[in-house]
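K.L.:
Copied straight from Swiss-Prot:
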type	residues	note
BINDING	Gly38, Pro39, Gln40, Ser41, Ser42, Gly43, Lys44, Ser45	GTP binding site
COILED	322-346	coiled coil
COILED	384-407	coiled coil
COILED	475-501	coiled coil
COILED	805-826	coiled coil
COMPBIAS	753-772	compositional bias 'Low complexity'
COMPBIAS	793-808	compositional bias 'Polar residues'
COMPBIAS	813-827	compositional bias 'Basic and acidic residues'
DOMAIN	28-242	domain 'GB1/RHD3-type G'
REGION	745-827	region 'Disordered'
TOPO_DOM	1-634	topological domain 'Cytoplasmic'
TOPO_DOM	680-827	topological domain 'Cytoplasmic'
TRANSMEM	635-655	transmembrane segment
TRANSMEM	659-679	transmembrane segment
Amino acid sequence: MAQIIDENAKVCETLEGYLDSIGITTAGLNYHTLSIIGPQSSGKSTLLNNLFHTTFETMNDQIGRQQTTKGIHAAFNNQNVLIFDIEGSDSRERGDADALFERKAALFGLALSEVVMVNMWEKDIGRYNASSIPLLRTVFEVNLQLFSSSQEAKCHLLFVIRDSTHPGEIIENQVRRDLDMIWKDVILPQNLQGKKFDDFFVFHFFQLPHLKLEPEKFKEQAAKLASMFTNKDEPGFFFAQPMGKLIPGDGLAQYIHSVWDAISENRELNLPSQRKTLSNFRCEEFANQAYKEFETNATEQIVSKIDAKPFTEFKEIGQKLFETAIHNYNQQANKYVRDIANEKRQSLQERISSFLAPSFQRNCTIFKESAEKKFTEYIEKLPTELEESNEWEQNANKKLEETIKSIDEFVKSTMIPEFKWQFDVSDIEDNLHTLITNKLDTAISEMEQRVFERRNIEYKERINAILDSAEPNMWERLRSEMRNEITQTTSEINNILKKNTVDRHPSPKIANMYYRSTDSQITSASQFIQQKMIIRFEEKFLQDEEHKSRVWKPDDDISAIFESARENGLHILNMFTNSQLREPGTPVPLNDILTRQILTQIRREQILTEFNDTIEKSYISAVQIRESLIVRNTVPLWMWIVIAIGGYQQLVSVVEHPWKTLFLLAAIGLVYWLWSNQKLDKVIKVVKNYITRVLCIIVKLLQSTTQEMEVAPSILQASKKSAANDMELIKKGLDDKKIEDEKTLETADTLDTMTTEVSESNSTSASTNSPSKSEDSKEPAPAPKPRHRKRVSTSNNPYATLQPNRINQAELLKMKEMIQKRQAEKH
């Protein structure tokens with residue numbers, strides 16, 4: 001037994017020690033409370049000692065009636081019942097202050113007790129003070145103050161009727177009549193109007209005989225009453241239903257302090273608030289204690305273990321430490337207000353989560369970096385030559401999925417279920433996908449370059465062939481070739497991409513690569529446009545339709561052929577002026593290489609001038625050859641008459657002699673044989689050549705000297721002028737004019753020879769007509785002095801058979817006009 005509230009209304013300092021000594025602090029909620037009120041010297045302490053075998057101080061009969069219990073005392077029996085013995089009311093010692101302390105004591109008893117015993121003598125029922133009517137009035141008012149708004153169980157009021165001799169029903173009715181009278185005088189709040197006192201209290205009545213007059217009966221009834229507090233199987237067991245007033249034993253001392261402080265300061269006593277305050281304080285202490293223990297263990301067993309390698313036992317150890325901390329907290333906090341305990345438990349869980357979260361993130365990051373490193377090594381080992389591989393991107397994506405899955409599984413295996421942690425793997429997924437994309441882009445780019453370079457070798461050869469031929473449809477052929485090559489290259493690349501990628505297509509730069517390649521070949525070919533023009537001119541001018549060397553005939557229109565060949569050469573120049581690689585009808589962007597200017601106007605004029613200068617020589621040579629043929633084939637009619645008259649005797653001789661006829665028939669047979677074997681033309685050509693030479697010699701001897709003298713200077717002058725031009729071209733060092741220069745030189749030599757022969761012929765004619773010489777002289781003329789000239793090959797020289805003769809004056813004038821016209825165009 002110990003005093004907890006002294007007579008000065010102060011909480012005793014020994015309260016905590018006493019509660020700890022009787023085991024309340026470790027009892028949790030496994031105890032019950034009751035208090036007793038009543039008038040002073042009414043035997044309250046004696047009753048408690050008899051009921052619960054306590055040792056409360058009782059009144060000494062030898063000293064007389066006086067105040068025995070001062071303040072509030074407490075005792076604890078073996079049945080875990082904490083009993084409060086409250087100072088009696090209506091005491092002489094307190095006098096007028098009795099009402100104030102009486103109210104405070106009533107508040108305390110109702111606040112802490114599950115059952116409030118009212119000690120009442122039967123003989124005092126019906127009296128005002130003796131029957132504790134003022135005290136009961138205080139109990140009613142205090143109860144309304146404390147519990148009117150709460151949903152706690154009703155307060156149990158046990159009226160113990162001492163020294164009872166009347167039937168219980170009569171006593172109960174009398175007490176209830178007094179209670180009803182008291183309740184009518186209590187001012188009820190607005191929300192409690194119409195309520196009865198039975199709505200707030202559970203009334204119990206128990207009668208005890210006189211202690212001294214009937215001690216055996218008293219002990220018997222006292223034991224029965226005591227069993228109703230201690231025996232759970234006893235009918236009418238007072239603590240059968242929890243009343244919500246119990247405070248966990250470890251917080252009882254603090255609760256008593258807070259309640260009594262509020263009572264002493266006359267503050268409104270809000271028991272639910274007091275319990276919440278106590279619960280908040282105690283649960284906070286429990287949470288701090290559990291967290292401190294957890295922090296120590298987690299630092300040693302988890303935080304220190306996470307280093308360069310993933311800690312695979314994170315979840316197992318973390319879960320165990322977390323559950324231990326929560327279990328330790330629950331063991332102590334669950335005895336307090338549930339909402340407060342749950343709130344503090346949640347707070348503790350959040351603190352534990354916050355402590356472990358950095359370690360969780362770090363552990364997952366270490367695993368993520370390890371997985372990322374392995375994935376990078378895998379990607380680096382993939383082949384870069386897509387031509388030799390299959391399903392490149394599919395394999396990379398599969399590896400990516402496996403990597404992300406392994407990270408997710410590790411995160412799940414590490415995460416504690418109670419904690420809503422998040423580990424973002426989207427960044428690594430983006431990074432690894434970017435790595436795949438970059439690696440694949442590089443591999444595709446290199447593959448496209450390899451395919452292009454391989455195909456471009458043959459492509460350039462085909463393009464060069466088209467550019468070299470320079471046909472009129474050159475640009476159409478170039479566009480077609482470029483379009484087909486782009487299509488084929490794109491198709492080949494697309495087949496490779498289908499094997500190695502999911503949804504990749506050839507790059508648009510493939511077309512640009514072929515654009516640049518084609519344009520480069522065109523640029524290179526444009527450096528030789530003049531040569532192409534000359535070759536095209538010579539193909540049309542120096543070759544016939546069968547692409548054989550042209551043999552000029554007297555009736556050939558050289559001017560028309562020349563102009564046609566020249567137009568063919570100029571067509572090449574026109575084709576190479578601007579690029580026409582872009583498809584007709586398509587939009588033309590700025591700075592388009594497919595439609596760019598290839599030749600500037602200055603370069604074009606330069607090429608045109610040099611081209612005209614070069615082809616003029618071919619024209620002059622052709623005209624000279626034609627004129628020589630006219631001279632060869634022009635035999636006068638009178639010459640044929642002379643031959644017929646001179647050969648008459650030979651014809652008669654052939655007729656008169658049969659063997660000559662046979663020879664003639666043999667000759668005819670030979671001719672037929674040659675004709676049937678397609679050799680006649682060749683023989684005729686050879687024979688005709690020899691006959692022509694013979695006839696030319698005869699004609700040369702018979703032509704007029706005057707005409708020959710007029711023609712010779714003109715031929716000589718033209719030959720010298722041509723030779724001078726040839727020498728000028730030779731001095732310029734133009735290699736591409738070498739063949740033409742040789743032809744011109746041969747022409748000059750031929751013309752010079754013709755001039756010399758004409759002069760010799762004139763000399764012979766003059767000597768024949770000279771009067772100093774006899775026409776019948778048989779002495780042969782002296783042979784002319786041989787000329788030391790360069791021998792000209794006749795195999796490829798069309799002028800080798802040219803013989804000196806008279807050239808038509810009109811043709812020479814036409815040649816002169818054409819030369820002057822070319823010179824005017826040049827300037």
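If you go along the chain as it appears here, the first residue is 1 and each next one adds 1.
Backbone N, Cα and C define each Cβ position, glycine as well.
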K.L.:
Cβ within 8 Å of the GTP site centroid (Gly38, Pro39, Gln40, Ser41, Ser42, Gly43, Lys44, Ser45 excluded): which residues?
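P.N.:
Everything else in range on the chain: Gly88, Asn119.
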K.L.:
So how many other Cβ atoms are close to Ser41 (GTP binding site), meaning within 10 Å of its Cβ?
P.N.:
19
K.L.:
Mind giving me a neighbour count for Ser42 (GTP binding site)? Other Cβ atoms within 10 Å of its Cβ, every protein chain shown.
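P.N.:
There are 24 such Cβ atoms around Ser42 (GTP binding site).
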K.L.:
Within 10 Å of each Cβ, count the other Cβ atoms, then let me know which of the binding-site residues Gln40, Ser45 comes out lowest.
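P.N.:
Counting other Cβ atoms within 10 Å of each of the binding-site residues Gln40, Ser45 gives the minimum at Gln40.
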K.L.:
What's the number of neighbouring CB atoms sitting within 10 A of the CB on Pro39 (GTP binding site)?
P.N.:
20
K.L.:
How many other Cβ atoms sit within 10 Å of the Cβ of Gly38 (GTP binding site)?
P.N.:
24
K.L.:
In three-state terms from DSSP, label Pro39 (GTP binding site) for me.
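P.N.:
The residue in question, Pro39 (GTP binding site), is strand (DSSP, three-state).
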K.L.:
Out of Gly43, Lys44, give me whichever of these binding-site residues has the highest number of other Cβ atoms within 10 Å.
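P.N.:
Selected residue: Lys44.
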